[in-house]
């Protein structure tokens, strides 16, 4: 792994946030870099991400997730399915702690080493708006239903919906983070579900396509 140059990474993050028109506080910037440092440290043993270069991690992890956060502005209870190393859930939690302090983010993954990492991040960064669960989402009975369920690089859209629809509140929506526009996946959605919007995202310094897919129940 390349050296973790905190000042340089901070400059890159601050500029990227500015390009996204996000007004992040100094405390939020510090927590995001702290999170990245934890990921880089744990990644050598736990293989949380294939991205090893901290500069690329700022772009492909932090800015990639930050580009999506405004879509969650009206959410109260969010579930991040297949949370992995914490994307977008941890980034969303750091942003929401100041921007939307009423928001709560639950994160679920089947892999214990990943939820152990998320639990450590929650503790070290004092993220009181985060809950972490180790379970299969299709078998999980949550303490409450969620108005937004999200995922990043988790599964085909049809599987994503089928496995977690019992957890979505009435009137809730899915927000899936995808690369290229998933036209084939959209066409394969199960009956009773519709795509409300596919929104292209521009991620600073990333030369790749990113899209948000908004899915909701079909109104009869």
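Using the three backbone atoms N, Cα and C, a Cβ is placed for every residue, glycine included.
Annotation note: residue 82 (S-adenosyl-L-methionine binding site) sits in a coil segment as assigned by DSSP. The Cβ of residue 82 (S-adenosyl-L-methionine binding site) has 20 other Cβ atoms within 10 Å, all protein chains considered. Taken from Swiss-Prot, the feature S-adenosyl-L-methionine binding site covers 82, 87, 137, 138, 152.
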### Summary
Close in space but at least six residues away in sequence, with Cβ under 8 Å from that of residue 152 (S-adenosyl-L-methionine binding site), the same-chain residues are 65, 80, 82, 84, 87, 88, 176, 177
